[in-house]
Amino acid sequence: MSSGTGKRNVSPSKDANGSAAKKGKQSLVTPLSTKAVNTVRVLCADMVQKANSGHPGAPMSLAPLAYLLWTQVMKYNPKDPQWLARDRFVLSNGHACALLYAMLHLTGYAQVTMDALKAFRQVDSITAGHPENTLIKGVEVSTGPLGQGISNAVGLAMAEMHLGAVFNKSGHAKVVDNYTYVICGDGCLQEGVSSEASSLAGHLGLGRLIVFYDDNQITIDGDTALSFTEDVAKRYEAYGWHVQTLEDVQDLDALLAATEAAKAETDRPSMIKIRTRIGFGSKKEGSHSVHGSPLGAEDLKQLKSRFGFDPEQAFVVPTEVAELFQAAGAKGAAAQAAWNTAMEAYKGAFPAEASELVRCTEHRLPDGWREKLPRYTPEDKAMATRKFSEIALNVLAPMLPELVGGAADLTPSTLTALACSGDFQKKTPDGRYVRFGVREHGMTALANGMFAYGALRPFVATFLNFIGYAWGAVRLSCLSHFGIIFVMTHDSIGLGEDGPTHQPVETLEQIRAVPNLHLLRPADGNEVSGAYISALEHSYTPSVLALSRQNLPNLEGTSAEKTLLGAYVLAEMGGSNGGGGAPELILTGSGSEVAIAVEAAKTLAETVRVRVVSFPSWELFDQQNKEYRLSVFPGGVPVVSIEASATHGWAKYSHAALGLTWFGASGPYAKVYAKYGLTADNLVSKAKEVLAFYAGDRQVPSLIDVPFISNQLDHKPVATSHA
């Protein structure tokens, strides 16, 4: 290893093989290992050919590395794919998933049968076109959008580092003890999210993170020389990584030597840059044409002949190869048995810690936690909902050690610091507050990895407008059933002086459009408490808490428990009938505009019976039965909504929507609200127009009675990790 940079150029013939020979070690390159590697290559090519779709090139070139990892390096148990102490593997270049599916099948993961391989990329098959963690126990994270997997892996390594610091005890075998291994390609390293995550990984010194960079010099467009000529090794050295370079992926001994050197580097994450030939063995070897298309019948036949297989047969695994891989997979049972013994001893010595670890991995919340969240009355001080969030978060954190997170360099603004804990840093990995830096996308991808590890409930924070920077990772949170808590402050034009570049107008609508994502926009302190209850109790659904910068009053009638219903009747007032009876008009809104609706209702109540409905969450309301929804919005009553956001979507719940059609403006928030008509006076005026429109015989359309048509299926996550 050279001094200073930490870069290690491994020459297979002189370094790794030579060292192995000098020490008398038997080479890993044998006729059987060669046959096993070639079996993986041909099996992957068969999968893509049968599907007539997919990416055969990378799996074929990476087969030696996969063989090494699954037979010589990684600790895993196919009989219990979610064993807590397993090594984590992430295929960041998820288009190469035929390789992952082949290895899971060969090493004995029961779900991944030969029939599953034959159903690659077919409807309702678990072997989807890119790996999905909700389909297969053995796929840690959903990958495919490039850069996400390596970034998730940083989160996985952070979780291991933190949980190990918290739960491992001197004098006892480690109960949190694993490495995170990653295969990534050029595309992953070109995406900006990987740079964000890798930079933080170097800062934190994640010594148990090992990345294998598939340097095949090919992208979809062609040679990487078209667009990607930087020195990746030097870039990662600058991030603070330990970097090695291998010139040939075929040399298993060199691969193992480099991997062992990476494992020995405990203070820095490691990258092993490996030169490969995409589509190895194909007539298209080394060309971008083998990246994303089947080989074709003739090329596949010559490939099989070249590697000693019958060209007329498909999906063949020679008996001796099957036995080799099954034996490799079976080793994990003994490793887990030893860990189980250590865990039993740990339970005896540290019963409280053991109980807490099991509770966290099962996503069970402790008894009585709900009741400890604050409740407020109108006499309590008006504050921004971000401030109410700070109070709630710091009530919860001492009870819930699984709450780990931080902000994208906005802690003084998002108010997410944890008073009960210090920072998570290289020297203090037991800390629970993460300084993510100005890295919104990386922050969210890391949180996904932390959740995927098990035992943690990550929260991340920034301004609501900047969730757009993290959108790729947010979408994967939802697809993956990772219950991330997004604490998004400065939620409207109410942030004021920073102006349109910071004021989210379309953002609420974007969030509401994503499946399996809950948006909660609380109106006051009680609803903030309710928002945290909802977020924590939905372990497999991410939640966005949209919080105000400006102060809001605590309203009469709000409730943490009613917040869980999504929408509820906040107030009934006025009317010519002396204050009783059914409403003649309904005003509804979310967040900071609920107080405006209450103020407007007081004026309107001089002539009509007005109901005010607080509407913190569309998603939670849609989950209620029709009877309840009709009790909130009875048919035949005009509904007017107000929200400092785009109005699209409100037609589902209101007959007229008062909102925004432009990006906002810079100025004191009250004046910005007035400029765009988000005032009680304007709401009164618009409500009177609606009442006039429906006066006489004109029928008011019933909103709830109109069928809401959706073919959405009920997707359930796979079981969580367990200790």
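Yeah, the Cβs are placed from backbone N, Cα and C, and that goes for glycine too.
Feature annotations, reproduced from TrEMBL:
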- GLU440: active site, proton donor (ACT_SITE)
- 1-16: compositional bias 'Polar residues' (COMPBIAS)
- 383-554: domain 'Transketolase-like pyrimidine-binding' (DOMAIN)
- 1-27: region 'Disordered' (REGION)
- HIS55: site 'Important for catalytic activity' (SITE)
- HIS291: site 'Important for catalytic activity' (SITE)
Quiz item: Which Cβ among the recorded sites (HIS55, HIS291) has the fewest C-beta neighbours inside 10 Å?
Solution: HIS291
Quiz item: Do you know offhand how many angstrom separate GLU440 (active site, proton donor) and HIS55 (site 'Important for catalytic activity') by C-alpha?
Solution: 30
Quiz prompt | Distance from HIS55 (site 'Important for catalytic activity') back to HIS291 (site 'Important for catalytic activity'), taken between C-alpha atoms, in Å | solution = 5
Practice problem: Starting from the Cβ of the residue listed as 'active site, proton donor', draw a 10 Å sphere and report how many other Cβ atoms land inside it. | Solution: 27
Practice problem: Mind looking up the mean pLDDT for the domain 'Transketolase-like pyrimidine-binding' (383-554) in the predicted model? | Solution: 98
